[in-house]
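Peer 1: According to Swiss-Prot, the record shows the following:
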CARBOHYD  N66  N-linked glycosylation site
CARBOHYD  N247  N-linked glycosylation site
CARBOHYD  N299  N-linked glycosylation site
CARBOHYD  N403  N-linked glycosylation site
CARBOHYD  N436  N-linked glycosylation site
CARBOHYD  N525  N-linked glycosylation site
TOPO_DOM  1-16  topological domain 'Cytoplasmic'
TOPO_DOM  38-537  topological domain 'Lumenal'
TRANSMEM  17-37  transmembrane segment
Amino acid sequence: MRRWPVDHRRRGRRRLSSWIWFLLGSFSVAGLVLFIVQHYHHQQDPSQLLLERDTRTEMVSPPHLNFTEEVTSASSFSRQLAEQMTLAKAYVFIAKEHNNLHLAWELSSKIRSCQLLLSKAAMRGQPISFDEAKPIITGLSALIYKAQDAHYDIATTMMTMKSHIQALEERANAATVQTTIFGQLVAEALPKSLHCLTIKLTSDWVTEPSRHELADENRNSPRLVDNNLYHFCIFSDNVIATSVVVNSTVSNADHPKQLVFHIVTNRVSYKAMQAWFLSNDFKGSAIEIRSVEEFSWLNASYSPVVKQLLDTDARAYYFGEQTSQDTISEPKVRNPKYLSLLNHLRFYIPEIYPQLEKIVFLDDDVVVQKDLTPLFSLDLHGNVNGAVETCLEAFHRYYKYLNFSNPLISSKFDPQACGWAFGMNVFDLIAWRNANVTARYHYWQDQNRERTLWKLGTLPPGLLSFYGLTEPLDRRWHVLGLGYDVNIDNRLIETAAVIHYNGNMKPWLKLAIGRYKPFWLKFLNSSHPYLQDCVTA
């Protein structure tokens, strides 16, 4: 039998060759399958691609979510809907401009559906699901594509958006001016409850003559001119506001019987003011009530400001038709307090109280939280006015209050000088008389007859009159802004000796900032029967 020749090749090598061919075939099949899958993936509707989201996010979402965060989240349907809705709104305006009303109507309809879905999601506190978002996003995508296909290009969109933004800015500016005017009107108005209280107190004064004798005794008290006591002055026609100032001051004083309050009001409020302070206890402090009409020496022949207040042109400027640019841009120019002599009495303190040497001036919209008697021992270094400076903000520099384009101002004052605040000031009346500050005040009022140096208020002439005569105090003595600034640090308020509700949002008004109102209410005698009757009336 013939024998086959021996094959010296290894069997292992033949097996290796078979495996190589098997692996090559497997990779070829896998590549073909991957190609088919990728091809199918790219064939999908673009709107479906926009809707892809990780469903696991929905499964772990809490039942009540922060909808603001949901709208701003890059992975939420809410944000996608909001972005498409914004773009659709732009195309609504463009479609209307091109008289394509049908497309504008379709877009508006989808926008309303989108807004409804977003509001429902916000109300229920749960994210929008895929099934809810899909029909709206698909419809909006189709309409946006239709708008783009109508050749509403980017340039057209930008021009339309620009004009729309300008129109919105004009409306916003008009609304801001209107809000300022309305806020000013509310701030100027006397609340019904305060008017009611004034009437009741005036009636008491008229029907009870015994109070007149007590008032005369108070006015002749030797404590009123005793320089060993602590003297405070308040000029106001607001009974409740003045009461809170006095009550908060005596409540925080270590020795309230050593305090003397000098209150000046007008003829209208004089009787009510007397009746209130005679019928309430202020811990033994001395209180003097006077009327500004008593100061016969304060007349037009002596005081330029009195002459201006009586001037018909000045009254027309404040109360006439709003035809000037000043009254349009500055609605507070028309505030009647700028025509009230009470507002200007602070410049005549040494003449009103000729026997006093030092006094603390308090506005009627402040609340005292600490003992103020240490103010009287402060060293003012020969200055007249101790006040808290307000130049931490740039807009409280001199150039913001005064017209530095006028050489009379620019040649004498530093535009970057720090402003300061009225509201809580300690005055050295001896230094005042020596520097003749009131004469300075008269000079600047004369120079401002045409209102070319400043427009309104008592602070600008105060900055001029006390220039170089003001001693800066620690800011904790006087914290301002509670009548307009909602973001004052609580720690600053709590450590303040005096908090000041300067601004339109006074604490006795309904538009007061609620966060700050309790500080004022704490010192209001709300248990008084007249207050209870008038609040519920």
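Including glycine, each Cβ sits where the backbone N, Cα and C put it.
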Peer 1: Have a look at the glycosylation sites N299, N403, N436, N525 and say which one has the shortest Cα distance to N247 (N-linked glycosylation site).
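Peer 2: Closest by Cα distance to N247 (N-linked glycosylation site) among the glycosylation sites N299, N403, N436, N525: N525.
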Peer 1: Which of these glycosylation sites is closest to N403 (N-linked glycosylation site) if you go by CA atoms: N299, N436, N525?
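Peer 2: Comparing Cα positions, the closest of these glycosylation sites turns out to be N436.
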Peer 1: Among the glycosylation sites listed here, N247, N436, whose Cβ has the fewest other Cβ atoms inside 10 Å?
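Peer 2: Checked N247, N436; of these glycosylation sites, fewest Cβ neighbours within 10 Å: N436.
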Peer 1: Write out the long-range same-chain contacts of N299 (N-linked glycosylation site), meaning residues 6 or more apart in sequence whose Cβ is under 8 Å from its Cβ.
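Peer 2: The list for N299 (N-linked glycosylation site) reads V306, given in order along the sequence.
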Peer 1: Fill in the CA-CA distance, N436 (N-linked glycosylation site) to N525 (N-linked glycosylation site), as an integer in Å.
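Peer 2: Computed Cα spacing between N436 (N-linked glycosylation site) and N525 (N-linked glycosylation site) is 40 Å.
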Peer 1: Looking only at DSSP and grouping its letters into three states, which state does N436 (N-linked glycosylation site) belong to?
Peer 2: coil
